[in-house]
């Protein structure tokens, strides 16, 4: 037993010396001064191109404005020819809605001949109705379980005012010839068609983001929203 115990002790000591020799060898390893500790971090060409496509830091202001205007124009096309496309939702912006809102408010101001403040309250009224109404509809959509984001909904509702803005332009042109029965009938047809198109276009984009059993609860406020704007356009009378 003593001999076997001594053998195990000798074996353990040999293993210890071997490990010590192994680590001692590692301590002799050093970095040669002839080898430069430096290098280049290269990025694949495809990644560089992808980053450059979305970078606007070095882009002229003119190109940026033109690109944004083209994007707004493409969204106008989506509204006039609504279809099941996520482009309006994916690439949302508020420049188009702001432009349409200001244009519509400017054309509606001064509509009352009895206005003593040159139409300023009417401009504010149109501006507040459009944006406040859009916010209320968006909150209603979110509370009903809609999956669309807040700003995406504002974008859709704002861009879908385009048919009503076109109707306002047509009504202003028709009113240049007078405000008789024929003029009212023409304006009624134009506003009704534009109201229907705005409602149809907005629901085409928003319907898929709502639960199936709650779509009617979302469409009804949209109907009222565009109806109020259409009524303001139909009852517009230029000041003299």
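Here, residue 1 is simply the first one shown, and the rest follow in order.
Note that Cβ sites are derived from N, Cα and C of the backbone, with glycine treated the same way.
Among the features that Swiss-Prot reports, topological domain 'Cytoplasmic' is placed at 1-91 (among others), with the record citing similarity to another entry. Averaged over the topological domain 'Cytoplasmic' (1-91), the predicted model reaches a pLDDT of 61.
Annotation comment: Swiss-Prot describes 113-125 (among others) as topological domain 'Lumenal'.
Under the heading topological domain 'Cytoplasmic', Swiss-Prot lists 194-215 (among others). For the topological domain 'Cytoplasmic' (194-215), the residues of the chain that approach it from at least six positions outside its boundaries are 79-80, 82-84, 88-89, 141, 144-148, 153, 156-157, 160-164, 166-167, 222-223, 226-227, 229-230, 233, judged by C-beta separation under 8 angstroms.
What Swiss-Prot lists as topological domain 'Lumenal' is 237-240 (among others).
Positions annotated as transmembrane segment by Swiss-Prot: 92-112 (among others). Tertiary proximity for the transmembrane segment (92-112) is limited to same-chain residues at least six positions away from its ends with a CB under 8 Å from its CB atoms, namely 68, 71-72, 75-76, 118-120, 122-123, 126-127, 130-131, 134, 149, 151-152, 154-159, 161-162, 164-165, 168-169, 172, 229, 232-233, 236-239.
Summarising the annotation, Swiss-Prot assigns transmembrane segment to 126-146 (among others) and lists sequence analysis as the type of evidence.
Summarising the annotation, Swiss-Prot assigns transmembrane segment to 150-170 (among others) and lists sequence analysis as the type of evidence. For the transmembrane segment (150-170), same-chain residues at least 6 beyond its ends with a Cβ under 8 Å from one of its own Cβ atoms are 75-76, 78-80, 88-89, 92-94, 96-98, 100-101, 103-104, 107-108, 130, 133-135, 137-138, 141-142, 187, 190-191, 193-195, 197-199, 201-202, 205-206, 222, 225-226, 229-230, 233, 236.
Same-chain neighbours of the transmembrane segment (173-193): 163-164, 167, 230, 233-234, 236-238, counting only residues six or more beyond its ends whose CB sits under 8 Å from a CB of the stretch. The feature transmembrane segment is assigned by Swiss-Prot to 173-193 (among others).
Long-range neighbours of the transmembrane segment (216-236) within the same chain, counting only residues 6 or more positions beyond its ends whose Cβ lies under 8 Å from a Cβ of the stretch, are 104, 108, 111, 126, 129-130, 133-134, 136-137, 140-141, 144, 146, 157, 160-161, 164, 167-168, 171-172, 175, 187-188, 191-192, 194-195, 198-199, 202-203, 206-207, 210. Residues or ranges marked as transmembrane segment by Swiss-Prot on the basis of sequence analysis: 216-236 (among others).
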